[in-house]
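Feature annotations, reproduced from Swiss-Prot:
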BINDING   Glu22, Leu23, Glu82, Asp286, Lys356, Arg363, Arg364  N(1)-(5-phospho-beta-D-ribosyl)glycinamide binding site
BINDING   Arg114, Lys155, Ser160, Ser161, Gly162, Lys163, Gly164, Gln165, Glu195, Gly196, Phe197, Val198, Glu203  ATP binding site
BINDING   Glu267, Glu279  Mg(2+) binding site
DOMAIN    119-308  domain 'ATP-grasp'
Amino acid sequence: MSMFGTATRDNATRVLLLGSGELGKEVAIECQRLGLEVIACDRYADAPAMQVAHRSHVFDMLDADALQQVIDLEKPHFVVPEIEAIATSKLVELEAQGLNVVPTANATRLTMNREGIRRLAAEELGLPTSAYQFADSYESFAAAVETIGLPCVCKPVMSSSGKGQSVIRTPEQIEAAWQYAQQGGRSGAGRVIVEGFVDFDYEITLLTVRAVDGVHFCAPIGHRQEDGDYRESWQPQVMSENAIKAAEYVAEQVVNALGGYGLFGVELFVKGDKVIFNEVSPRPHDTGMVTLISQELSEFALHVRAFTGLPIGQIVQYGPSASAAILGQGQSQNIQFNGLDDALSIPHTQVRLFGKPDIAGRRRLGVALSRGKTTQEATDRAIECAKAVKIHY
């Protein structure tokens, strides 16, 4: 049975968020609803989750000593990673001493780079994936491209939001793809994965919850990517019964192998009735922001329920829904928005502005949410809503 203390008191149940972006902000809000004490961490001040936390710390989470100091200071009951760029070896070490890492330190370690999770899925679990090879020099990279064949996809083993990813279609693009991957890796230049190009009908995120009362699945989420980053997502994605069963089988195998309690974003390619594993995040997923309007319990509420040991029960989905990213492009430390009156005059829409303190280039600053009679109608409304929000730099 879960027992929670009272936030700000000596008996508080403390949640330490490692990463304080828009997804962490929603996790923090759900923790606040249960009276949990929230400590938000990130590498920059005034990050979104810090704005709704009890207190915050700014430090480089890849610095194992700095991470240890914050954990020693705060003595959290739950450590909840929101991003991959964390000193995961330190979390593994501390978990062995009794630290509760969500879902597990090993899951965080394996999924922080594409090599760990790909080898788990393909080599240990025998799940269907694209053909792949890893490379850590230009020579081995060129050889991997030749072995895999063109077209193929090149990604840093550690990156997010499409950084460093490219599709190689001709031999002339090989060197540029290598250089781009080296610039886009989260921890600088390094190892890459070369993947065979998958011919798929569509791709989905299957939000999968591992909880005290078993494994649960949200309705599949379809999405559109551009430059490796999500632009729109919708739920439910129409799938054949066989494809849904195959997707749930793959997702359950992966989350059970990773272990622990929490929500996982399992990314899959679908071709007819066949499902191919792509990646998994052991935390809420950006495409899952649609659940803020599409479900009785959002992916963030499900994550908090699961890792605090509460039952999930039945996941209720309200019907065709969609989300569209509100993207900024510019330079500013004083971002302003207008057009919200126009955006919210569109039927069945909502807007979330993340409160990011600045922008230097392109950055996701908010999300538009909508419902409709069909997923197409919901998506069209979400896109229209997002476009109506005007950003001033």
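Placement of Cβ uses the backbone N, Cα and C atoms for every residue, glycine included.
Quick caveat, the model's predicted, so the values are computed rather than measured.
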Neighbouring binding-site residues, C-alpha within 10 angstroms of Glu267 (Mg(2+) binding site) - of Ser160, Glu203, Arg363: Glu203
Rounded inter-Cα distance in Å - Phe197 (ATP binding site), Glu279 (Mg(2+) binding site): 15
Entries of Leu23, Arg114, Gly164, Lys356 which, being binding-site residues, have CA atoms within 10 angstroms of Glu279 (Mg(2+) binding site): Arg114
Leu23 (N(1)-(5-phospho-beta-D-ribosyl)glycinamide binding site) and Ser160 (ATP binding site), distance between Cα atoms, whole Å: 14
Inter-residue C-alpha distance, Glu195 (ATP binding site) and Asp286 (N(1)-(5-phospho-beta-D-ribosyl)glycinamide binding site) (nearest angstrom): 23
Most crowded position, judged by CB atoms within 10 A, among Glu195, Glu203 as binding-site residues: Glu195
Sparsest-packed of the listed binding-site residues (Gly164, Lys356) - C-beta count within 10 angstroms: Lys356
Between Leu23 (N(1)-(5-phospho-beta-D-ribosyl)glycinamide binding site) and Gly164 (ATP binding site): CA-CA distance (Å): 22
Mapped DSSP class for Leu23 (N(1)-(5-phospho-beta-D-ribosyl)glycinamide binding site), helix or strand or coil: helix
Cβ neighbour count within 10 Å of Glu22 (N(1)-(5-phospho-beta-D-ribosyl)glycinamide binding site): 23
Lowest local Cβ density (other Cβ within 10 Å) among binding-site residues: Glu82, Glu279: Glu279
Cβ-based isolation winner (fewest other Cβ atoms within 10 Å) among the binding-site residues Leu23, Arg114, Phe197, Arg364: Phe197
Same-chain residues at least 6 apart in sequence whose Cβ lies under 8 Å from Arg363 (N(1)-(5-phospho-beta-D-ribosyl)glycinamide binding site): Leu327, Gly328, Lys356
Sparsest-packed of the listed binding-site residues (Glu267, Asp286) - C-beta count within 10 angstroms: Glu267
Around the Cβ of Ser160 (ATP binding site), the count of other Cβ atoms that are within 10 Å: 17
